[in-house]
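Residues or ranges marked as transmembrane segment in TrEMBL: 21-43, 84-104, 145-168, 180-197, 217-237, 257-279.
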Amino acid sequence: MTITDNQSKVMTKRRILFQYPALPTIELGLCYIIVGCSMIYAWSQVLIASNKYEFQYWHSIRINRLPLIGERYMDESNWEWTSWTPIGFMLLPFFILHSIIFNIGGSFVSDNTLQYITIFYSVTYSCFLFSKWLVILSLTQGTLIFFAAYYFRHQLIVWFCSMPILYLSLRYSYHLSPNPLIVVIFICYTLLSYISFNLEMLNGAKRPEDNTLLKCYIRMLFYAFYPPYMTTLVVIYPEFERQMRQRHTKTRNWQRVIFFALRITFWWLLIYLMLHFMYFEWILYDIDYAQNLPKNEFVSLGMAL
């Protein structure tokens, strides 16, 4: 009996608590119409309130000239968008360089050599992108956690070393960098990689070829500074190794990759354009103006947030 057969038997024995009949086509269509009309009405009220708003000298705005549209104010009050956008553009050459080296270079050098090359250009680029100080800080915290876990052989040691570092990094992020978002996306994400690697190493999940202290340390750096997972995605160490093993055998779906890239481009352009016509954040910051708005516009602005 296979695992699938066992799972199907368990599912048949499980008592069904609820049965949800499919909605009638007319009722489902009516729901879509109501939701669609509500969204159109709400965003139209945001647009109306934005067009009536007059910017003051103390507002964080700039004037951009858009193709076929002309000059428009751009709302820069959203801290996440304003901070992340330039970092995202600076990361694009980094990811392109990694894609070329990691995919083409793998055909000429061994995986072990490619591992050292990846660590070198990732650390080097991080020095220019984030700062040498933050790179040194990241390497220091990773080294501390690694040797503490290696010599004490207890998972609690990993957490005892990591939590103070995480707290201090977030608490004093403005002291570490003028842009605290850099501290979050670099220091904190690499810290998560260090934690995942050392916890799994204590559980015996390391590769057989990583049979020395130095090899384990190099593999941890390769995992922490692997560019696609270094700043945005959280991938635990066993999943990382699984993907590395499948790299030579898995067929890449280029159509899906291109479609995903087009989706990201579309949503970025949509948000970028929206910030030139809808100023919901600045309006709600301006209490005197917001409290005099009609209720339908004021509620719509809250929805936009």
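Each Cβ is built from the backbone N, Cα and C atoms, and glycine gets one as well.
Just so you know, TrEMBL annotations are computer predictions that nobody has curated.
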Looking only at residues six or more beyond either end of the transmembrane segment (84-104), which have a C-beta under 8 A from one in the stretch?
114, 117-118, 121-122, 125, 129, 179, 181-182, 185, 227-228, 231
In terms of Cβ proximity under 8 Å, which residues at least six beyond the ends of the transmembrane segment (217-237) contact it?
91, 94-95, 98, 115-116, 118-119, 122-123, 126, 138-139, 142-143, 146, 185-186, 189-190, 192-194, 196-201, 205-207, 210, 243
